[in-house]
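For reference, Swiss-Prot has these:
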type     : residues                    : note
SITE     : Asn5                        : site 'Discriminates between blocked and unblocked aminoacyl-tRNA'
BINDING  : Tyr10, Phe59, Asn61, Asn101 : tRNA binding site
ACT_SITE : His15                       : active site, proton acceptor
SITE     : Asp80                       : site 'Stabilizes the basic form of H active site to accept a proton'
Amino acid sequence: MGLGNPGRRYALTRHNAGHMVLDELFRRHGGRWRRARRAEAAEVSVEGREAVLLKPATFMNESGEALSGYRAEDLIVVHDDLDLPAGTVRVKVGGGAGGHNGLRSVISRVGNGFVRVRVGIGRPPEGADVTGYVLGRMDRAAREAIPRAADAVEAVLEEGPEAAMNRFNARA
């Protein structure tokens, strides 16, 4: 599942990092987008492993509504993260929402036992509005992380979460 807001207005914003990563995975693995329950979905095959790319058609704060019938242990949730420097990609299993309303909605639906691929967008400048920042256009460093975040999703699917964490969470 890639977190983001629907519509062109939000397509290139920091908060839509999750949607951008799913678009990259779709570009790599093909498939066809179809309308599913409260989401757009595409079935793809990654190294012989079937996966469903799911982009909620709801706004961020209601992202969990698209998860009817899914279990936490079957999910990889890709999302923007203010607490990581722009361009950083990290893999994590479990944890809280950390102030992210999309994650809060997902956790309220399925619990917190899912894998996360976190795309760093950095913090806004001192005194700047956080909402305006996350809904602002993604900068170059964060955009360049999108293919690496797609690599991280593929690594989770192919090698498992532990191996993906070892690979993507290593300090450079």
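A Cβ is built for glycine as well, from the same backbone N, Cα and C atoms used for every other residue.
Between the CA atoms of His15 (active site, proton acceptor) and Asp80 (site 'Stabilizes the basic form of H active site to accept a proton') there is a gap of 6 Å, rounded to the nearest whole number.
According to DSSP, Asp80 (site 'Stabilizes the basic form of H active site to accept a proton') sits within a strand segment. Residue pair Tyr10 (tRNA binding site) / Asp80 (site 'Stabilizes the basic form of H active site to accept a proton') shows a Cα separation of 13 Å. Same-chain residues that are not part of Tyr10, Phe59, Asn61, Asn101 yet have a Cβ within 8 Å of the Cβ center of the tRNA site turn out to be Asn5, His15, Thr58, Met60, Glu62, Ser63, Gly102. Within 10 Å of the C-beta of His15 (active site, proton acceptor) there are 25 other C-beta atoms, taking all protein chains into account.
A 10 Å radius around the C-alpha of Asn5 (site 'Discriminates between blocked and unblocked aminoacyl-tRNA') takes in these binding-site residues out of Phe59, Asn61, Asn101, in sequence order: Phe59, Asn61. Geometry remark: Asn61 (tRNA binding site) versus Asp80 (site 'Stabilizes the basic form of H active site to accept a proton'), CA distance 14 Å. Taken residue by residue with DSSP, Asn101 (tRNA binding site) is part of a helix.
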